[in-house]
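Over in Swiss-Prot, the protein carries these features:
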BINDING   LEU121, GLY125, HIS126, LEU127, SER354, PRO355, PHE356  (6S)-5,6,7,8-tetrahydrofolate binding site
MOD_RES   LYS229  N6-(pyridoxal phosphate)lysine
SITE      HIS228  site 'Plays an important role in substrate specificity'
Amino acid sequence: MYEPTLTVESFDSELAGAIRDERRRQEHHVELIASENYVSPRVLELQGSVLTNKYAEGYPGRRYYGGCEFVDIAEQLAIDRAKELFVADYANVQPHSGSQANAEAYMALMNPGDTLLAMDLSHGGHLTHGSPVSFSGKFYKAVHYGLNAHGDIDYEQAAQLAQEHKPKVILAGFSAFSGIVDWQRFREIADSVNAYFMTDIAHVAGLVAAGVYPSPVQIADVTTTTTHKTLRGPRAGLILAKANPELEKRLNSAVFPGSQGGPLMHIIAAKAVAFKEAMQPEFKTYAQQILKNAKAMAEVMKERGYTIVSGGTQNHLFLVSLLDKNISGKEAEAALGRANITVNKNTVPGETRSPFVTSGLRIGTPAITTRGFKEKEASQLAHWVCDILDDIHNEKVIADVKQKAHELCGKFPVYQELD
């Protein structure tokens with residue numbers, strides 16, 4: 001049924017209700033999931049634009065369909081801005097997600113059965129870094145390094161494993177590591193075994209773009225990322241690289257036609273405007289505040305007796321180990337959720353529970369910083385988290401924190417006040 005004037009509200013009240021409720025949840029809950037953020041109204045607008053109607057297989061100026069002259073402009077803007085923002089020589093803005101960007105980079109760099117050396121999932125890596133349940137662990141032989149006793153990346157272990165297994169690709173990147181990666185050291189390890197060096201900066205891309213976290217783009221052969229999280233764009237992927245014409249051709253072919261068909265032009269346009277937003281001076285201030293808020297929260301939780309993996313944070317997130325608290329990550333996530341504080345359970349080094357239960361929490365500050373929280377609010381919030389974890393079955397404490405969280409959110413609306 002095509003009716004240009006019919007709204008979702010009037011046509012599909014069930015779906016409209018779910019979206020309305022989700023918007024209320026986002027307004028009234030404190031978002032501490034490290035991979036989530038709030039996009040700008042401009043990004044929202046473009047994701048619902050008429051560009052969603054256009055098929056555009058191929059690349060700007062080399063399409064398989066006619067009528068692409070205007071989407072070519074949008075995609076070229078996204079490419080040029082990505083290259084400028086990240087100081088890259090090459091950018092492919094077509095990947096639909098970070099996982100697909102990784103798959104496409106692997107396709108360009110490896111053959112099935114080749115060896116991938118990456119960070120262990122339980123130490124802060126990602127499913128697509130060679131987990132046995134992921135395509136990356138099924139199609140490639142994955143070997144993993146982890147963290148040392150000090151909570152830092154064990155570079156010596158990585159170097160030893162590289163010499164032992166001679167991987168085709170060495171990957172540096174993470175989904176739950178709160179330190180700073182020594183990209184150059186990984187470059188040297190990769191060079192020692194003639195491996196490609198690939199980085200996944202999905203979590204810190206916004207921090208890298210703002211210059212508050214070291215960039216690997218001109219150190220690595222290939223860099224992948226998502227465009228949401230700290231970058232605050234649409235949920236999608238991006239591949240970057242330093243100059244290498246042969247590798248650029250392989251990357252383009254791996255994306256299209258290797259693993260994708262028609263690109264999502266409305267999402268690519270949203271990427272373009274998000275990249276422009278990240279070029280503004282205000283974005284650097286935002287990224288700096290993300291770090292300040294994360295440090296403030298981690299310090300409070302340490303003072304309250306909670307173990308922070310790696311001892312603290314130098315980016316937007318930190319891991320709380322509950323191994324010594326007789327609390328599971330699942331229990332903690334649920335209790336905090338009842339108080340309108342959204343976090344995610346996470347595996348931690350020395351994990352004894354299943355990935356569906358875990359012994360830790362991952363906490364991140366990109367979303368609360370977008371709302372306008374500063375150190376005062378971040379510290380206050382950390383105390384509330386500790387209040388609940390200190391007495392996790394005390395529903396009175398949970399109700400009290402819920403009321404405080406609701407009031408705090410009211411002072412910092414995401415988009416606008418709701419009924």
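Positions of Cβ are set from backbone N, Cα and C atoms, glycine also.
Keep in mind that this is a model prediction, so the values were computed, not measured.
Burial estimate for the binding-site residues (GLY125, PRO355): highest at GLY125, by number of other CB atoms within 10 Å. Working note on the binding-site residues LEU121, LEU127: by count of other C-beta atoms within 10 Å of each C-beta, LEU121 ranks first. Cβ neighbour count for HIS228 (site 'Plays an important role in substrate specificity'): 26 (other Cβ atoms within 10 Å of its Cβ, all protein chains included).
For LYS229 (N6-(pyridoxal phosphate)lysine) paired with HIS126 ((6S)-5,6,7,8-tetrahydrofolate binding site), the C-alpha to C-alpha distance reads 15 Å. Of all the recorded positions listed here (HIS126, LYS229), it is HIS126 whose C-beta has the fewest other C-beta atoms within 10 angstroms. For the pair PRO355 ((6S)-5,6,7,8-tetrahydrofolate binding site) and HIS228 (site 'Plays an important role in substrate specificity'), the C-alpha distance works out to 24 angstrom.
Every protein chain shown contributes to the tally, and the Cβ of PHE356 ((6S)-5,6,7,8-tetrahydrofolate binding site) ends up with 9 other Cβ atoms within 10 Å. Largest Cα-to-Cα span within the (6S)-5,6,7,8-tetrahydrofolate-binding set LEU121, GLY125, HIS126, LEU127, SER354, PRO355, PHE356: 16 Å.
Spacing of HIS126 ((6S)-5,6,7,8-tetrahydrofolate binding site) relative to HIS228 (site 'Plays an important role in substrate specificity') is 16 Å (Cα to Cα, whole number). The secondary structure of SER354 ((6S)-5,6,7,8-tetrahydrofolate binding site), as reduced to three states from DSSP, is coil rather than helix or strand. Taking Cα separation as the measure, HIS228 (site 'Plays an important role in substrate specificity') is nearest to GLY125 of the binding-site residues GLY125, SER354, PHE356.
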